[in-house]
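Per TrEMBL, the features are:
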- B:7-20, B:G101, B:N162, B:R187: ATP binding site (BINDING)
Number of protein chains: 2
Amino acid sequence: MNITGVVVEYNPFHNGHALHVNESKKETNADLIIAVMSGNFLQRGEPALVSKWSRTKMALANGVDIVLELPYVYATQHAETFANGAVSILNGIGANAICFGSEAGDIQQFKHLVSYISKNEDTYQVFVQQFLKEGMSYPKALATAFTKMENRDEMLDLSRPNNILGYHYVKAIYEQSSKITPYTIQRTTAQYHDKEVPIQSIASATSIRESIIKQKKDLKTIEHVVPTSTFMEIQDFLDLHNGFQHWERLFPFLKYKILTSSIEDLGNIYEAEEGLEYRIASCIKEATSFQELMKELKTKRYTWTRLQRYCLHILTNTSKLEMKHVTTPSPYIRVLGMNQKGRDYINSYKKQMDVPLISTLSKYRHPFIEIEKRAATCYALGFDPIIQNKLMTQEYAHPPIILKSVDCV
Amino acid sequence: MNITGVVVEYNPFHNGHALHVNESKKETNADLIIAVMSGNFLQRGEPALVSKWSRTKMALANGVDIVLELPYVYATQHAETFANGAVSILNGIGANAICFGSEAGDIQQFKHLVSYISKNEDTYQVFVQQFLKEGMSYPKALATAFTKMENRDEMLDLSRPNNILGYHYVKAIYEQSSKITPYTIQRTTAQYHDKEVPIQSIASATSIRESIIKQKKDLKTIEHVVPTSTFMEIQDFLDLHNGFQHWERLFPFLKYKILTSSIEDLGNIYEAEEGLEYRIASCIKEATSFQELMKELKTKRYTWTRLQRYCLHILTNTSKLEMKHVTTPSPYIRVLGMNQKGRDYINSYKKQMDVPLISTLSKYRHPFIEIEKRAATCYALGFDPIIQNKLMTQEYAHPPIILKSVDCV
């Protein structure tokens, strides 16, 4: 049985994602597609537009058979930890392939680079450290160090975001001695950072979010770039929650937290390095919005993503001490949803699993789950009081979503 | 020169307070009235309806010559610490009298009781401990222990709230070897806990607040029970701040704080005793308002005030460790406002003072001031973003209010 994993955020699920699922099936000749999906908060240090449950439904309605959660402790990290966590979950659930989109589109380039850098690790690290000392951000230092390596013209371009992630999936597969075979599909239309929804049917998730939240446009502007099931789910979410989640809704809590914490406490939060705690304690005083805070915080040294992640960990009160224990493999695998085919697979496979398979959070205890609950709480607090409690209860008690065949779009 | 101190909250200033100021002047033949006033948060663990600056203006417009701040570390405590802090500030500023309202109205009763209990301290404490063990709240145990003492019928009734405070003022005077002479005036009309604004011109501050906040009545319903200057100040505050401060506005932050804190952290907050941290961590989950939380929390063991104060210290992140160092005398005296007479007095007296006199918070550093700033931050966060920053800046940078004679009402 061919079981293919995809690592996703689906924020929200759109036509490009549907295309990726279909192409992944073809490319790997998959019998089953498993998505490892981030939960309430995403890699760029942002809350998801709609809940993990809504996004799970979108995935199941569009060809994904099982949705597993990528825990907060992996999902909100730089590419290496993110990829390590995701690959370990795919390993744990018995996937034998992973298929990711990339700018390069040629899996040999990834394999070659992983092998090359592993052989020339020392030289590479010397360059990385040099550029970090010169004041570059970490991703920029990685990419620039790479341009200094020999024969680099023939190798993978590590300055492209999806190439970086792909590189780390392949690296994680090697490092975890996994039997998973990596595949990649070339990303063509829609740039990751597009701000406008294009006329054609493929748009980036960024442009879709911008369109909905910031430009306050009618939902109809995104109807042609998402599957009907997504469109209906987004509308349902809006009706039920009276809005979408975004940083500005959570900013009052972030501001409160920063202003009532000691410098020492802010310094104990994960990602507080190089005096960032002093900088944020000063910048917050005048800021009346998250955007204002971020603009004040931003320097050449820190990427926007890095700063957003620090803000997120302050919000969720996630400490360096807690994150110190984040290793792979993931200590549990949580199922967010599945269709009948996915359910049959899980029932047949679960006895072979080395890690616990969790269907309801309340039944299992682990320090990572405490962090997950706090993250869910923060996510919920951005909504009205009645919705807050519903979302929090869902986090503890919601069983996996089971999509019956007749529900399929 | 006769300098008389009054200890007040003025939440808000009303006709009863005006009467108290005038009667205190007569009773003590005062040349100058100094009010020691609580700042953003009050003894019952609640935020003040309007800012300390507005309440200072109300006081200066109605016969008070100098308004000094009772720091958060004294203002939000049980009667003994509250009174100790206030008396130490009156000592420090050179007051030679204190005049308080009481149900008893006879200063001899207070003096007698202080002397009697000091002589029979051991017997009294045995009773107090006994009743605490039986599950009584602390104030209730104090009052009940008192009923067990000999000759108690001839003595001060310690079950009345203003008698308790008065007892502690007189006790503090003795314990601090102060030269202040205590006076008391009998409280007649308006019970402390009245919920309705009466027809006559004297109403309790509680009924005025209830009328404004909870019953959402027109401001006109309180016009006849407050001085014109207070009424105008309240209207100005409302226009500028788009509402009054109360616990429900701060509840989202309290909820966020409780839900993202560890049990250990909640246990380190001041007033977390007897497992109260477990109780609040459980009760908060379902609560959608402050009232709901309080109703869930309340048991015979804890007074409403005690629970509100614990909530307040959680909100302001005030730890047991910080409060351990709260002793008297107050390490500084902060002037919130004065008229010309008050200013002349301060200029003539300040060289004799043993503690620093602070006009602007930003010029002075002390651990208590860090707590004061956090409290001001929390108070401000209940308002709209633009107002928030204005209120926070005021806390650091606002000089004392100077009332010119022509402004007097």
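Indices start at 1 and increase along the chain as displayed.
Every residue gets a Cβ built from N, Cα and C, even glycine.
TrEMBL: automatically predicted annotations, no manual curation.
Structure coloured by features recorded in TrEMBL.
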| residue | record | Cβ contacts under 8 Å, 6 or more apart |
| --- | --- | --- |
| B:V7 | ATP binding site | B:A35, B:V36, B:L70, B:A83, B:A86, B:L90, B:I98, B:F100, B:L165, B:Y169 |
| B:Y10 | ATP binding site | B:H17, B:A35, B:M37, B:R55, B:M58, B:A59, B:A205 |
| B:F13 | ATP binding site | B:R55, B:M58, B:A59, B:N62, B:V226, B:P227, B:T230 |
| B:L19 | ATP binding site | B:I202 |
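Of all the binding-site residues listed here (B:G16, B:N162), the one with the fewest other CB atoms within 10 A of its own CB is B:N162.
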